[in-house]
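To keep things clear, I will list the structure first and then write my remarks on it.
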Amino acid sequence: MTRWLNTQARRVPEWAVWLGGALPLGLLIFDTLRQRLGVDPVAAIEHRLGRTAIYFLIASLAVTPLLRLAKVNLVPLRRALGLLAFGYVVLHITAWVVIDMGLRWEQLLRDIVKRPYLLFGAGAALILLALALTSSAAAIRRMGGSAWKRLHRLVYVAAVLTSLHWLSVGKVWHPEAKFWGFVVLVLLGVRLLPRGFGSRRGGNKSVAIQ
């Protein structure tokens, strides 16, 4: 089964990941034009973009555990998954800044300072920006492999901050936010396992955006 899965994974071109990654955005645009976003369309746009970003971020984090524990190699697709996560983060922030806040920069900065969930989100976004800017092969050569890996391990910090951002948005923790927060903790736990656990080859892989 593992060999079959790896064979199928090798047949998936990177452009197919990008095409699949664009589908949630296309569906959101369609629902917006059809006025299917409910009584608060602005909040619906923000939330759907944010959730999609988290889904792709978690998918990119899951690549190394799959390799270490199940010997399923999706490493060639990881960079696209990570960059899709960052792309949806940018769209999520843009929707908030432009549509929700109306480019009121002073109010925006005041809100970030006084609302913890915005601080969590801003921290995660800054980390993902740094990882996206250094995701190319040229960046790896400039930084050196060791420094690049250390930087990209911050993806776990970004994932935790993203989970805290979602959990702290409302007064009550959303069930889906709790579920995905738990998944992030599990993936982090797998990453912290000794290198001898599972595949040694997988143990040396970074799960970050690359």
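Glycine too: its Cβ is placed from the backbone N, Cα and C atoms.
Curation does not apply to TrEMBL; its annotations are automatic.
Per TrEMBL, domain 'Ferric oxidoreductase' is recorded for 49-162. According to TrEMBL, the transmembrane segment annotation covers 12-30, 50-69, 81-99, 119-141, 153-173, 179-197.
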The domain 'Ferric oxidoreductase' (49-162): DSSP-derived helix, strand, coil residue counts: 98 helix, 0 strand, 16 coil
Feature contact check the transmembrane segment (119-141) with the transmembrane segment (12-30), CB under 8 Å, 3 or more pairs: no
